[in-house]
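Taken verbatim from TrEMBL:
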- Cys149-Cys187: disulfide bond (DISULFID)
- Cys150-Cys175: disulfide bond (DISULFID)
- 12-33: transmembrane segment (TRANSMEM)
- 53-76: transmembrane segment (TRANSMEM)
- 88-110: transmembrane segment (TRANSMEM)
- 212-238: transmembrane segment (TRANSMEM)
Amino acid sequence: MQCFGFIKTMMILFNFLIFLCGVALLAVGIWVSVDGPSFLKIFGPLSSSAMQFVNVGYFLIAAGAILFALGFLGCYGAHSENKCALMMFFLILLLIFIAEVAAAVVALVYTTMAEHFLTLLVVPAIKQDYGSQKDFTQVWNSTMAGLGCCGFNNYTDFEGSPYFLKNHTFPPYCCSNSGNGTATEACTEERAKDNIVQGCFSQLLYDLRANAVTVGGVAAGIGALELAAMIVSMYLYCNLK
């Protein structure tokens, strides 16, 4: 009985932390959606790297809502000893765990397919909005400066973009080996070909692989916490009358 009470208390505390994390993510997600440039200004250029592949604001809002619901269900289910809430908590967490494993397998095994899919989404956006949409252009400039890269694949992503049509040159990041955008001459097609600055997707993959131990450790830690939470919720569920 004492063991049950201890596990119940730990379950409540753990899910209260999840609840608070959900509230925090919701707040940050709303902030990014409403005022993205100030977010980039505070957290620096590297904070923008993921913003080319997902809408970070909406992603954080969705993640916050899920954590908010999980935290509430876990706290309520453990405190009130409600078997229905505990089972819902377990099933949602199980679905998230399965989705994470599937995403990891796809990312590892089908990297080329993922790159092709993202290319179909990101490159048309660059050609349409880079140079005309201020926030979009600022995010890409911050990414290219922070990662020392050019475009999604390379400089050709900017062909036909509002920036290219207006200036008849490519962004200076595509002609600067340092990636800081301080090229002294106009970045023409000839100079962009000569410099061969790597695309941001390839650079991001390289950085992730260079820090594979850290990324893998964080992923393993999150997975272990999810498994522990599922085991504890099932323990409580099975021992409730």
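We count from 1, first residue shown onward.
Just so it is clear, glycine is given a Cβ too, placed from its N, Cα and C backbone atoms.
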Taking 10 A as the limit, how many CB atoms besides its own sit near the CB of Cys149 (disulfide bond)?
25
If you tally other C-beta atoms within 10 angstroms for each of the disulfide-bonded residues Cys150, Cys175, Cys187, the top scorer is Cys150
Please report the Cα separation of Cys175 (disulfide bond) and Cys187 (disulfide bond) in Å, rounded to an integer.
6
Residues outside the transmembrane segment (12-33) whose C-beta sits under 8 Å from one of its C-beta atoms, at least 6 past its ends, are 39, 55-75, 78-79, 89, 229, 232
Roughly how many angstrom lie between the C-alpha atoms of Cys150 (disulfide bond) and Cys187 (disulfide bond)?
12
